[in-house]
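A.B. asks: When I checked Swiss-Prot for this same protein, it listed these features:
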REGION    1-96  region 'RU A'
BINDING   Arg53, Ser77, Gly78, Arg185, Ser223, Ser224, Arg310, Ser329, Gly330  substrate binding site
REGION    103-240  region 'RU B'
ACT_SITE  Lys153  active site
ACT_SITE  Ser223  active site, nucleophile
BINDING   Glu283, Ala332, Gln335, Gly336, Pro337, Gly340  Mg(2+) binding site
SITE      Thr306  site 'Important for substrate specificity'
Amino acid sequence: MPSLRAHVFRVPADGPDDVAGVEALFASGLQANNIVAVLGKTEGNGCVNDFTRGYATRSFETLFSRYGVDGVSIIMSGGTEGALSPHWTVFARETVETPGERALAIGVSRTPALSPEHLGRREQILLVAEGVKSAMRDAGIDDPADAHFVQIKCPLLTSRRIAEAEAAGRTVATHDTLKSMGLSRGASALGVAVALGEIDATSINDADICTRFDLFSRCASTSSGVELTDHEIIVLGMSAKWSGPLSIDHAVMRDAIDAHSVRKARERLPENSRLAAVLAKAEPDPSGEIDGRRHTMLDDSDIAGTRHARAFVGGVLAGIFGITDLYVSGGAEHQGPPGGGPVAIIVEKEQ
């Protein structure tokens, strides 16, 4: 009985347009049409005017077009503060003549475009929830408990998008383009929570988004960008329909220094295994404290708090895993408890 098999590659990047390492994978035998997703960390500021994300996305679209490949989910997260290293994480899958044995599963989907007036509102939550369910079906994940990380690239509001909506007689959730990033991330994360049964959709209203932080998903990782108007969704989990040496588990950090939870998740994975990728969310604790001690990430007028958080949590995780090419995305609204966030660990068992 055939099964699906996943492959994960961590590739260094010298800049947002550096796809040479991925092209080298093709030269070494990776079939370009087996790639389903690319997660990237680019060296921009991670804010509204971070065009490194779009630059990197266009670079990959150009690369894939040369190989006649389309439909790859390309999700770029800006910001490599501290010692975080710019890199790409490439996900591929293929059909093999091996019975399924419960291994890493990858599913992708893309939603219809989101109208600007629906950003940061219930409509976005429900749209994302349907997209996550579609990606789970694509991955062959039947039980929401088997989903360990849901990565979403979501849109934001720009001055032009706001003006177009208001010219049509519609109102938007905010006129602050930076705030729109958080609203979009938060609504998308709540969509994940609805899809996974963590939250009942009927219990959420517009006013809860980015205010009721007791509502959150333990698996969501959302990143907003100017380069799209829809949502690109990648679901990572475990499925008996897949085979191969890759496994995934996740932790939920209760705060930015919760190394214990991350280590416990690593211990649940095969002991003699190679680290394939680490994917995480980070945000400044909105209380202004970490474990009872004051932090100043939210008071810095020069550097956005999400940038501080990426650097800080990146350092914690680098100390645990001994690598700096970590996918640490800032802004964790409704993604884990306030000040914390999910961390997914992918390993490859020895064969």
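Placement of Cβ uses the backbone N, Cα and C atoms for every residue, glycine included.
Please go over these features one by one and say how buried each is and what sits next to it.
C.D. replies: Helix first, then strand, then coil: DSSP counts for the region 'RU A' (1-96) stand at 26 helix, 34 strand, 36 coil.
Taking the Cβ of Gly330 (substrate binding site) as centre and 10 Å as the limit, one finds 28 other Cβ atoms among all the protein chains shown.
Over the region 'RU B' (103-240) the predicted model carries a mean pLDDT of 97.
Lys153 (active site) falls within a strand segment according to DSSP. Non-local neighbourhood of Lys153 (active site): Ser73, Ile75, Met76, Thr222, Ser223, Ser224, Gly225, Leu228, His231, Glu232, each in the same chain, at least six residues away, with C-beta under 8 Å from its C-beta.
Residue environment of Ser223 (substrate binding site) contains 26 other Cβ atoms, counted within 10 Å of its Cβ in all protein chains.
The DSSP secondary structure for Gly340 (Mg(2+) binding site) is coil. Of all Cβ atoms in the protein chains displayed, 26 besides its own lie within 10 Å of the Cβ of Gly340 (Mg(2+) binding site).
Long-range Cβ contacts of Thr306 (site 'Important for substrate specificity') within its own chain (separation 6+, distance under 8 Å): Gly46, Cys47, Gly79, Ala282, Glu283, Pro284, Gly330, Gly331.
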A.B. asks: With H, G and I counted as helix, E and B as strand and the rest as coil, say where DSSP puts Ser223 (substrate binding site).
C.D. replies: strand
A.B. asks: From the DSSP assignment alone, can you count helix, strand and coil residues within the region 'RU B' (103-240)?
C.D. replies: 58 helix, 30 strand, 50 coil
A.B. asks: What residues, ordered by sequence, lie under 8 A Cβ-to-Cβ from Gln335 (Mg(2+) binding site) and sit at least six positions away in the same chain?
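C.D. replies: Those within reach of Gln335 (Mg(2+) binding site), by Cβ under 8 Å and sequence separation of 6 or more, are Arg185, Ala189, Phe216, Ser217, Ala220, Ser221, Thr222, Lys281, Glu283, Gly341, Pro342.
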A.B. asks: Hey, what's the Cβ neighbour count for Arg310 (substrate binding site) at 10 Å?
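C.D. replies: Around Arg310 (substrate binding site), other Cβ atoms within 10 Å: 29.
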